[in-house]
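These notes are about the structure you will find just below.
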């Protein structure tokens, strides 16, 4: 009986499987490119959760929650680059989607590498509504090799509105940038059309201006009707806080329709640009020093990790409930338009120090992020891996048209050529002198071209000689690193180049990612002390020039030197590992300390008078650039032992303890008084970083002849210094 019962059960299961297959459909067929695209959408949400949307046959659609399981969620999360799913949701928890419901009754076994390999009813075969859209929550841990962005973006209905532009009202303004006023034209699949201005409001204008990269709008007078106008939108109603016109209520005309605009004409706007984009702006824009918000770590203007100022200390914002309205408040506050993307999961790198805000929920009309409802951070609420970032809409300025790269192996590298006006007024291309050229100037070039971060700044480009351009048109370039164009940087008023040949012109290599080193300022303050060290223990330090010049006249090995000691903990908060510019074959061996120097100068230590004059100094070669410790979940990659590779991994830090050689300033000849302690990391910009403005630290220092005290240690932006005798022209309008 038992055997017969088992046999009958097996037969029944086989028959059930045969019946089930036609009902559910076969394993979904692959997309035309062989890979289905998947994204997480909806909000409020974090970067590792959301409504599941799949891209098939040129259209985004959702998945119904019928028969949905955690196993399905595992497959989707792995497809998105996460290690696994922690849960899933039903009934459109993250809001109902739009468009197609592509999949229904999905059943995965767990080993599939894509949702298309699972059993379902087939593409587009569903009896669900969008109130049944499925969502997933993925474990916030990435699979190795995945670099896809964690983005919360406006889900624009692509069938309704593709692009938007402003057409200048008259030929007088044609060709000027930025275009601040004009007729609104919207692009659909059928071409470009206009909007009827009947019932048009200033709130509508605010949305359009925000999309075009402008923070404010002006009242615009009516525009005359044009017989050639094609009105694709006949009515628009915005609250003014939308990040995109598609989020407003609209009444659409028929495709290819030329229906009239009753008692009106085409809608137009007049926008107010931010200070960075005014036509009359100084070539070196001074940012508002009273601003309580800033962006750090971004490759392009208008993007970065959000940092806010509180009690003279900068901190970050946690990404819980981070969305486009809150991101747009940040963008407008900084003089940009609305937010194009609200990024979570420390996409622009992890910050340091305090996390000030959590669960920020702006309405969109606030003047400052601090005006928005939010929660203060308590212990354990958030970590820096949850730092929020933004990508803002900025006006189109055409900066990339005045600079180019030539001769490189890819579009990301090459000799830098600049468009300039010659003596006869004819515009032509010229070279930039490579003297003093660093990765800080290179990062401005890469930003101007929209090619991301700089990887290298090159002073010789003989191997990229593929152009007939030979004239040097710019020299002595010194940038802070945050300029929008190269001509915003300091440079000589008259070209003066020691090596004038084209082979000595400047070049760059750009990259998607870069490192970013930051010194732990509080640790310096906590670990400082004075040591009187006997000379017989300082032979190796003297060999590496870690003592002042007066030490050479001392009565060796008798006597002592007075040393100002402290620890340096240097974090890499960027998106790429910090590696020495030279490979191991070029490192220098120092027999006395028995180690390799991968960089001759890694850090400067200076003691300054209150007026900025240097009274004592020290330096630190990177004799052991390694991962001392890392954040949770990050593995060490660099170790100096046994001639190992040197570097600092993203999310790790290198600690130079106060008790190792050369971790000091020799203050033997310094008199008691008040001073400034200054530490500068990567001072010669030898290795590219995403942000050089956070490489310097200063502390107030009090020395009474026997003891030393530091207070108010903080990061400080240092201005670029030109060589002695250089002339600077800040208004090079001829370029």
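Glycine too: its Cβ is placed from the backbone N, Cα and C atoms.
Keep in mind that TrEMBL annotations are predicted by a computer and have not been checked by a curator.
The annotation signal peptide is assigned in TrEMBL to 1-25.
Per TrEMBL, domain 'SRCR' is recorded for 38-139 (among others).
The Cβ of residue 64 (disulfide bond) has 24 neighbouring Cβ atoms from other residues within 10 Å, across all protein chains displayed. According to TrEMBL, the feature disulfide bond maps to 64-128 (among others).
Residue 138 (disulfide bond) has a Cβ environment of 26 other Cβ atoms inside 10 Å. Positions annotated as disulfide bond by TrEMBL: 77-138 (among others).
Feature annotation from TrEMBL assigns disulfide bond to 108-118 (among others).
According to TrEMBL, the domain 'SRCR' annotation covers 166-272 (among others).
Within 10 Å of the C-beta of residue 248 (disulfide bond) we count 19 further C-beta atoms, all protein chains included. The annotation disulfide bond is assigned in TrEMBL to 238-248 (among others).
With DSSP states grouped into helix (H, G, I), strand (E, B) and coil, the domain 'SRCR' (293-393) comes out at 16 helix, 34 strand, 51 coil. Taken from TrEMBL, the feature domain 'SRCR' applies to 293-393 (among others).
What TrEMBL lists as disulfide bond is 318-382 (among others). Using a 10 Å Cβ-Cβ cutoff, residue 318 (disulfide bond) registers 24 neighbours.
The disulfide bond feature in TrEMBL is assigned to 331-392 (among others). The Cβ of residue 392 (disulfide bond) lies under 8 Å from the Cβ of 213, 302, 303, 327, 330, 331, 334, 336, 337, 338, 339, 340, each of these being in the same chain and 6 or more residues away along the sequence.
Counting every protein chain shown, the Cβ of residue 362 (disulfide bond) has 21 other Cβ atoms within 10 Å. Annotation comment: TrEMBL describes 362-372 (among others) as disulfide bond.
Taken from TrEMBL, the feature domain 'SRCR' covers 403-511 (among others).
Annotated disulfide bond per TrEMBL: 433-497 (among others), in sequence order. The C-beta environment of residue 497 (disulfide bond), restricted to residues of the same chain at least 6 apart in sequence and closer than 8 Å, consists of 433, 435, 472, 475, 504.
Under the heading disulfide bond, TrEMBL lists 479-489 (among others).
Neighbour counts of Cβ atoms within 10 Å were compared across the disulfide-bonded residues 372, 433; the minimum falls on 372.
Note: the stretches the domain 'SRCR' (38-139) and the domain 'SRCR' (403-511) are not in contact (fewer than 3 CB pairs below 8 A, sequence gap of 6 or more). Long-range Cβ contacts of residue 128 (disulfide bond) within its own chain (separation 6+, distance under 8 Å): 64, 65, 66, 101, 104. Taking the Cβ of residue 77 (disulfide bond) as centre and 10 Å as the limit, one finds 26 other Cβ atoms among all the protein chains shown.
Distance between Cα atoms for residue 479 (disulfide bond) and residue 248 (disulfide bond): 42 Å, as a whole number. Calculated from their C-alpha atoms, the gap between residue 382 (disulfide bond) and residue 238 (disulfide bond) amounts to 34 Å.
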